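K.L.:
Right, I'll just put the structure down here and ask away after.
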Amino acid sequence: MQVLFWIGFIAGIIGLISIDLLMTRNKKEPTLGHSLLWTLIWIFVALLFNVFIYFLYEYGLFGFVSGGLGGATPALQYFTGYIVEKSLSLDNIFVIAFIFSYFQIPLKYQHEVLFYGIIGAIVFRLIMILLGLALLNAFHFMYYIFGVLLLITAFKMLFMHKEEIDPDKNYFTKLMKKVMPVTQKLHEDHFFVRIDGVLHMTPVFLALLVVETTDILFAIDSIPAIFAITKDPFIVFTSNVFAILGLRSLYFVLAHALNKFYYLRYSLIFLLAFVGLKMLLIDLYPIPLSISLYVILFILAMGVLASYFNWEKILDIWSSPVFNDLKKLGQVTLAEQTGVILLAIGITLLILGIMQLAIRGIGWILIPIGILIIFREVLYALKIFRSIREERKKERDSKK
């Protein structure tokens, strides 16, 4: 029964990815509004699946059992894993933005590379998750090895910058260049072209290759992090998948703005260090899951707040093209601003409801309220973004 459910889940993910791709097949530059909307949709779907996880384990649907823990613990494990993986993916966005800049890939072609990059990331992570679980089940000391690996990664992140990542030194890039010639210029979003009858790679394919191999390196760090939370393969895989699925739209929202969150990178360093210590202390002092979640959320919140009060960095955002779009959003009516606030409240209620399931509190009330508010505000957000797009079109027409 579980095998059929796994097949159905993977088919559902393929369907969601296909819908996302169809929405961006026009090869136009993704707008901030469109990317922000899809980011919220992916977060909503991930949180909705979190509620489904609860019922799945609470009632033993499709043969999923939690060893007498009910549905609250698996739901909290999924949510914590999702937060960890989503947070670590932010550092991935830093590097992806640098890779695209290095190969001079225009914004309108980047979403195609990210689409195939995400598919590859899901496949590679599934392989690594299965391998990692096999090692943990066979050798308990692998917890200590993974813990040390996370601490080493955190230490390296203190001194490593994205500028130190040289795509030309990538092993697979050098190997492919020996196998096939590379064009000097782009040919739209094509990966391969024929020139004088000879098949050539384009810089777009090289960018994809570097993105894929770089993601594998990131996965080596992030996969052990979630093993500190749970060894349930379904929870590990699904929390990873949903964190990755929103990466493409989140990239176009944050690619330029992430540099403004200067201290967020240091939050990720502390996050990795905490999870590494959690794995090292698994036998001496196992840290409860609920405490782990609160610590992780606190670490991330401190990074965001520290960046917010970095006024010199904030002043630089005025020159960002992303800020110009954000300024447009700030010029909407009071009713529309209220809608944005309600959307944030809806997501907050949904998150709080999921967390309350762990203590069987008022989660049953908060979750449906949060879902209803989010559904209403996503529809309303479509109206806002449509009006902004029409306004920008009128401005362009008036300049002609």
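Glycine residues also receive a Cβ, built from the backbone N, Cα and C atoms like all the rest.
Here the structure is a predicted model, which means the values were calculated and not measured.
In case it helps, TrEMBL gives these features for our protein:
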type	residues	note
TRANSMEM	6-24	transmembrane segment
TRANSMEM	36-57	transmembrane segment
TRANSMEM	88-107	transmembrane segment
TRANSMEM	114-135	transmembrane segment
TRANSMEM	141-159	transmembrane segment
TRANSMEM	204-228	transmembrane segment
TRANSMEM	234-254	transmembrane segment
TRANSMEM	266-285	transmembrane segment
TRANSMEM	291-311	transmembrane segment
TRANSMEM	332-355	transmembrane segment
TRANSMEM	361-382	transmembrane segment
K.L.:
In terms of Cβ proximity under 8 Å, which residues at least six beyond the ends of the transmembrane segment (141-159) contact it?
P.N.:
91, 132, 135, 220-221, 224-225, 227-228, 265, 268-270, 272-273, 275-280, 282
K.L.:
Please determine whether the transmembrane segment (266-285) and the transmembrane segment (6-24) are in contact (criterion: at least three Cβ-Cβ distances under 8 Å, sequence separation 6 or more).
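P.N.:
Output no: the transmembrane segment (266-285) is apart from the transmembrane segment (6-24).
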K.L.:
Which listed stretch (6-24, 204-228, 234-254) has the most C-beta pairs under 8 A with the transmembrane segment (114-135)?
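P.N.:
Answer is 204-228, with the largest number of Cβ pairs below 8 Å.
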K.L.:
Near the transmembrane segment (6-24), which residues from the same chain, at least 6 beyond its ends, have a CB less than 8 A from one of its CBs?
P.N.:
30, 34, 38, 45, 111, 115, 118-119, 122, 234, 238, 241, 245, 248-249
K.L.:
Take the C-beta pairs under 8 A between the transmembrane segment (88-107) and each of 36-57, 204-228, 234-254, 291-311. Which stretch has the highest count?
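P.N.:
Highest pair count goes to 204-228.
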K.L.:
Let me spell it out: take the transmembrane segment (291-311), skip the flanking residues so only those 6+ beyond its ends count, and list any with a Cβ under 8 Å from a Cβ in it.
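P.N.:
Distal contacts: 76, 79-80, 83-84, 87, 228-229, 260-268, 270-271, 274-275, 278, 355.
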